[in-house]
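Here is what TrEMBL records for this protein:
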BINDING   Lys8, Thr168, Asp169, Thr212, Gly213, Gly214, Met215, Met216, Thr217, Lys218  ATP binding site
BINDING   Ser49, Asp136, Asn148  substrate binding site
DOMAIN    278-361  domain 'PUA'
Amino acid sequence: MRSTIIVKIGTSSLTQPETGELALSTITSLAETLCQLRRESYNVILVSSGAVGFGCACLQLTERPKSISFKQAIASVGQVRLMRVYDDVFTTLQQPIAQVLLTRSDFIQRSRCLNVYNTLQELLSLGVVPVVNENDTVAVDELKFGDNDMLSALVASLVKAETLFLLTDVDSLYSADPRYVANAKPIPLISSMEELNALQIETGNSSSKWGTGGMMTKITAARIATTVGIRTVITEGCNPWNIVKILQGEAIGTHFAPHPEPKSARNHWIIYGLVPGCKLYLDCGAVTAITKNGKSLLAEGINTVEGVFDANDSVQLCNKYGTEIARGLVNYSSQELKKICGCCSDDITSILGYEGTETVIHRDNLILI
Ligand SMILES: Nc1ncnc2c1ncn2[C@@H]1O[C@H](COP(=O)(O)OP(=O)(O)O)[C@@H](O)[C@H]1O
Ligand SMILES: N[C@@H](CCC(=O)OP(=O)(O)O)C(=O)O
């Protein structure tokens with residue numbers, strides 16, 4: 001069976017730093033590299049940013065737009081151009097491609113997530129290279145990825161990729177931002193997340209002129225991917241042939257080793273398919289029952305319900321200080337939970353007027369953080 005490689009390329013690598021015009025030689029070289037990987041029997045998914053950057057170049061805008069609606073409009077202009085360029089280059093190389101635009105919601109609802117999985121699998125078995133981007137034009141603010149690093153990690157987890165490559169405008173992760181810290185040191189290998197924490201890497205808030213998120217979002221993506229056993233590599237986008245060399249064992253860029261005991265895809269989804277902002281605040285008894293005694297969460301242990309969610313959504317569980325202790329799949333919607341929180345399980349039927357389940361989150365659907 002073919003292994004799957006995910007390659008994410010950022011705006012900073014697809015555009016000229018000063019003008020924002022497209023970096024055609026990088027795009028061509030990237031396409032040649034991905035075709036080579038296909039010949040070497042890999043499945044390949046490209047996660048490409050650039051819609052906003054290309055849209056700005058099309059409309060001769062010299063600054064990245066700030067307001068959401070403006071950015072969404074610009075992205076719809078740029079996405080067409082981006083795909084036209086990819087289609088021209090890949091078609092010349094006789095490699096069919098597909099456009100797949102995703103939103104955060106596609107990963108939150110398990111049924112949609114499975115649809116995305118099935119479509120990607122069909123495309124890969126047809127020998128197509130899917131080109132994935134966030135569907136910027138429809139994504140609402142509170143449900144946005146905002147950056148494609150996170151999107152690429154979730155796609156990699158979904159298809160159980162072998163390696164995730166994050167291509168950017170620096171050749172590796174450094175101890176601090178090399179654009180501002182002259183003696184910043186490159187980091188070739190991160191063996192575990194504990195090691196990463198100990199290194200105390202400085203990322204600041206800085207990204208390149210056209211990029212979003214900077215190194216922080218790439219580290220988060222690496223955390224997500226390595227948790228499910230996917231090796232992650234940060235390397236420079238202007239030299240895509242390095243991907244082939246890295247797969248042949250050369251030590252180029254920063255390698256994040258996969259976790260030796262990866263989480264199952266379902267547990268991973270409970271953690272990362274979460275609806276942002278939906279929280280249950282628990283009393284001390286419930287916190288102890290869950291964290292120390294491995295129990296399910298009952299309605300009587302919930303003090304407060306925050307956010308709007310449906311039954312089967314993934315929510316955060318917090319102690320009374322607001323610290324997250326676990327995540328899990330709820331058996332009730334937020335509307336129902338607001339009526340039954342703090343109540344004894346025996347009273348649920350009379351309060352709701354229909355029979356509900358005894359547990360709010362069953363222990364099998366609960367992951368401690
Ligand atoms: N510790 C660090 N090591 C390397 N680069 C860093 C670090 N901290 C911040 N950066 C910045 O991150 C930028 C890359 O992020 P970004 O602009 O979002 O790229 P992309 O468009 O590829 O996603 C680099 O240009 C660099 O200045
Ligand atoms: N969906 C956006 C991606 C924004 C983004 O993540 O940019 P980058 O940090 O350059 O990868 C776009 O296509 O412009």
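Placement of Cβ uses the backbone N, Cα and C atoms for every residue, glycine included.
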Rounded distance in angstrom between the Cα atoms of Asp169 (ATP binding site) and Ser49 (substrate binding site): 13
From Lys8, Met215, Thr217: binding-site residues whose CA lies within 10 A of Ser49 (substrate binding site): Lys8
Among Asp136, Asp169, the most crowded of the binding-site residues [Cβ within 10 Å]: Asp136
Euclidean distance between Cα atoms of Asn148 (substrate binding site) and Thr217 (ATP binding site), Å: 9
In sequence order, those binding-site residues of Lys8, Asp169, Met215, Thr217 whose CB lies under 6 Å from ligand 2: none
Euclidean distance between Cα atoms of Lys8 (ATP binding site) and Asp136 (substrate binding site), Å: 16
Entries of Lys8, Asp136, Asn148, Thr217 (binding-site residues) sitting next to ligand 1, with Cβ under 6 Å as the cut-off: none
For the domain 'PUA' (278-361), the number of residues DSSP places in helix, strand and coil: 26 helix, 25 strand, 33 coil
Residue pair Met215 (ATP binding site), Asn148 (substrate binding site) - Cα distance, angstrom, rounded: 12
Where the record names Ser49, Asp136, Asn148 as binding substrate, the maximum Cα to Cα distance in Å: 11
Cβ-Cβ neighbours of Thr217 (ATP binding site) (radius 10 Å): 24
